[in-house]
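**Student:** Summarising the annotation, TrEMBL assigns GTP binding site to 44-49, 150-151, 175-181, 200-204, 269-272, 326. Per TrEMBL, the feature Mg(2+) binding site maps to 48, 181.
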């Protein structure tokens, strides 16, 4: 009966309170709609490749016009790789098996890479001749002793297709193009009414000081590790192991006060390169604490994952981990389904909605 005695004024107050509650719920829902994901990791860990996969899987993909714009980047990657190997041959004291290739090497070294727009037929023949030389092959096999792009073999074994005048890069060509990220690039992807705003930042040391501005309101950190870097040195400092640098960076990131409420997802990337490399480059040579079987990619993966898990001082904080191959679209599609679920669950928890 008491309900009948509510005055008009009280009813109005109740209505206003309900409206306010409704608006607050709407605001909460809207703020949940855009989630900020920060992609971190050292240089060449695969951050930009992962973003390209998101564009293929959840964005608009690449039109023929987009693909055409990548052709010159593919050519530039080829010349950069060949110039790097020719210079490394001199440093490593390796000679060409075919003396004619000395002339081809000089022609390739004269190319101004950043001005390359097309693939000159004579230069294409020179690059092909060089790649087939046993001296260059020996130099390629010793690539851990200098800095060489992971995509080198992929492009150089497909020169006939790439040097065709009608060449149009396919998705795999685009995924493998290496262009160092400078500055901060944001990519929003709309997935089932949730906008995932991915922030890709440069991984080289000189780029990292710019990260600080990205640290506000980060829902999740996706930290990429290149599994294949266990035997490589840094581009910026040739006596520092790349994986040691990556581990140190990971420890710094997960202990930042800004990220106490952010979920941390670890992508142990480049499983394909690790599988190939582990057959001739033993992990225990660089990490003596590894006591598992040699030439076993699974044992190597688990050992590397454990090293990163040990960097986490807060045992209450869950680290989510996935083994990935960023150039494999189906692998990334599968992994990101799990990642999306992790991020959404974590976000609901933060908003006390579960």
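Heads up, the Cβ atoms here are built off N, Cα and C, so glycines get one too.
Give me the local environment of each listed feature.
**Tutor:** Around the Cβ of residue 326 (GTP binding site), 26 further Cβ atoms fall within 10 Å across all displayed protein chains.
With a 10 A radius on its CB, residue 48 (GTP binding site) counts 22 other CB atoms from all the protein chains.
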**Student:** Which Cβ among the binding-site residues (175, 179, 201) has the fewest C-beta neighbours inside 10 Å?
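**Tutor:** Each of the binding-site residues 175, 179, 201 was scored; lowest Cβ tally within 10 Å is 179.
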